[in-house]
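Step one of this worksheet: look at the structure below.
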Amino acid sequence: MRNGDDLEGFDGEASSASMISAASSPYQPTTEPVSQRRGLGGLRCDLDYLRGTFGRLKLAEVLLALTAFICIETIMECSPCEGLYFFEFVSCSALVVTGALLLLFSLNLHTRIPQINWNLTDLVNTGLSTFFFSFASVVLAALNHKTGAEIAAVVFGFLAMAVYAVNTFLAVRKWQLSSRQQSSRQSSDYIRARTESREVVHRPEIQRLDA
């Protein structure tokens with residue numbers, strides 16, 4: 001039988017072996033904070049975007065396009081109906097596309113598809129919506145029968161055109177700024193690469209080591 005000293009020595013050796021095993025183990029405990037997902041499937045609502053200028057403009061565009069579409073849908077009789085149908089198509093298309101972009105931007109889903117230039121996409125959408133809302137509103141104003149629903153649709157159509165025009169102006173400035181920053185970044189990388197290559201050429205000891 002082992003005496004007390006042998007047992008203490010055995011316990012000390014076991015504890016030392018366990019400490020060495022724990023130190024050499026690749027699965028070490030970490031103190032780094034674990035990121036917690038917010039929302040469904042890691043989706044997070046970007047309140048800063050919704051409170052910003054572009055978020056408010058997008059919300060106003062969606063509401064105005066929806067109101068114009070509802071007004072035009074309440075008209076039961078028309079003659080001719082071409083202007084009404086065109087206005088209906090424009091308001092519905094603007095509502096769907098702008099609503100989809102608002103959803104993508106507010107949930108940061110556009111960051112998962114970096115291959116698409118979202119600034120340019122937003123610029124194209126706002127520019128086309130401005131043009132088609134202005135054209136559809138003018139046509140409907142010229143061909144309407146002075147009913148309340150038609151007048152309301154024309155009013156909301158021009159309001160939507162104005163908001164889209166403001167968004168287009170700001171989107172152009174944002175796109176120009178991002179393009180300028182990208183070009184300056186590329187030029188700085190090119191200058192840095194040229195400088196490093198010149199340093200290698202003018203330092204013969206590096207060439208001898210490479211040889």
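Cβ coordinates come from backbone N, Cα and C, glycine included.
Listed in TrEMBL for this protein:
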type: DOMAIN; residues: 49-176; note: domain 'MARVEL'
type: TRANSMEM; residues: 59-77; note: transmembrane segment
type: TRANSMEM; residues: 83-105; note: transmembrane segment
type: TRANSMEM; residues: 126-145; note: transmembrane segment
type: TRANSMEM; residues: 151-172; note: transmembrane segment
Helix-strand-coil residue split for the domain 'MARVEL' (49-176), DSSP-based: 108 helix, 0 strand, 20 coil
PLDDT averaged over the residues of the domain 'MARVEL' (49-176): 91
